[in-house]
Amino acid sequence: MFKTLSKSIGFLVAIIALVKGDTYTCSQMQSLAEGYFRGPTLTTMLCISYYESTYNTQAINPTSKAAGLFQILPEHCGELCKTCTTPSDLLNPTINTECAKSILNSQGFKAWTTYASGDCKNWNKCVAPSASTHAASTHGSTGPSTHGSTTHGSTTSTTYTSGASSGLFDFKANNGGGQDMVKYF
């Protein structure tokens, strides 16, 4: 009786969390992240968020106090992330994703230990919509096609086509220190 009651309560708590909107589905994460990331970078960021928070907007690391979907450290508020003024702002999914973009642009993927440890290698649980459409394609294509690369000084932009859509997915600029900074349009 107690085990059944305990399972029922656990199930009810899980349902309440979903109704409250604290845990996003893959589709909800895609919709949010598409406003900030594109193509393979979007897929990688979906993976990072999954491993960092399991898409739980209210996730807080008890040791580091990293918070939200991308487990952003509170010290980044106001520093790398101008839209975050207090650590509690990191529990706002939009602010957390904006901060993730700023951190990605300044530190790269390796800012997240889950990426550095290889957890996102061959990730396929929740991918960029264009990547999933492309993967389901039976037209024999093996990946995105490069349609041009332009270099101006230390700045290179590349246009890709994946499936039926095309566009500028990423723009890399060398910051002079040997690291590429990624910008998304």
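Each residue, glycine too, has its Cβ placed from N, Cα and C.
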Cysteine from CYS47, CYS99 that Swiss-Prot links to CYS81 by a disulfide bond: CYS99
Cα-to-Cα gap, CYS81 (disulfide bond) vs CYS47 (disulfide bond), nearest whole Å: 21
Residue from GLU52, CYS77, CYS84, CYS99 whose C-alpha is spatially nearest that of CYS126 (disulfide bond), among the recorded positions: GLU52
Cβ-Cβ distance under 8 Å to CYS47 (disulfide bond), same chain, at least six residues away: THR114, TYR115, ASP119, CYS120, TRP123, LYS125, CYS126
Pairwise CA distance, GLU52 (active site) versus CYS99 (disulfide bond), rounded so that it is a whole Å: 14
